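Reading through the structure tokens given below for one structure.
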């Protein structure tokens, strides 16, 4: 018997998935539909999703997250920090069942929702209740190939949470908005001090979704590969100007189906 995700929640509003959903989820589209239903009912009732977000769940939330799967190596271990209602971790798991995904979330009402949906949908996802920066969470979920996050904090704070969960050369992927260039300009030195490098700003889902997903990518560098802290300090660049830190040259690299 499936758990009652929504309690007294009303049936979900009718919303057929857009054509892009079939491209992204393939033969697992029915699982994505179930996730939409759970968000539109129990997610709203439990305060995980605002009622005004229901009409745009597919485009702004589910597909926005799922297209980031094109950045994931095959069979990668992925930790999603501050997972909330499961975004982006659950759409990634539906789109890419080869990924080994752990959702990290401190709030009980959210982890309860996540565990109930995962069990009902038969997904192979681990849920860890706790804060990403806590030693117990790092011990349980650390050593990941990829750590994801979505709109939960500024880049510097996300790096403090994400980098300790990565293996050397693992990647931090933060789903961001148009302000990411300004955030990077402000926080680049902090990210470097934390051991991050090879910064990129990427667009995922080009040619698939109407509004591509903007993702900030950084790699955790082994200590021997990190720049010396005693090098001459470079002047800060202007936001959007070429020649920025970590290889970000004031432009966005666009990805689409041909690069998957």
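If you go along the chain as it appears here, the first residue is 1 and each next one adds 1.
Heads up, the Cβ atoms here are built off N, Cα and C, so glycines get one too.
Unlike curated records, TrEMBL annotations are generated automatically.
As recorded in TrEMBL, the features of this protein are as follows:
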| type | residues | note |
| --- | --- | --- |
| BINDING | 82, 87, 132, 133, 150 | S-adenosyl-L-methionine binding site |
| COMPBIAS | 228-237 | compositional bias 'Basic residues' |
| COMPBIAS | 251-260 | compositional bias 'Basic residues' |
| REGION | 221-260 | region 'Disordered' |
Secondary-structure category, per DSSP, in which residue 87 (S-adenosyl-L-methionine binding site) falls: coil
Long-range Cβ environment of residue 150 (S-adenosyl-L-methionine binding site), under 8 Å and at least 6 residues apart: 65, 82, 84, 87, 88, 174, 175
Count of other CB atoms lying within 10 Å of the CB belonging to residue 133 (S-adenosyl-L-methionine binding site): 14
Maximum Cα-Cα separation (Å), residues 82, 87, 132, 133, 150 listed as binding S-adenosyl-L-methionine: 19
Spatial neighbours, same chain, of residue 132 (S-adenosyl-L-methionine binding site) - Cβ under 8 Å, 6+ residues apart: 79, 81, 82, 104, 138, 161, 162, 164, 165
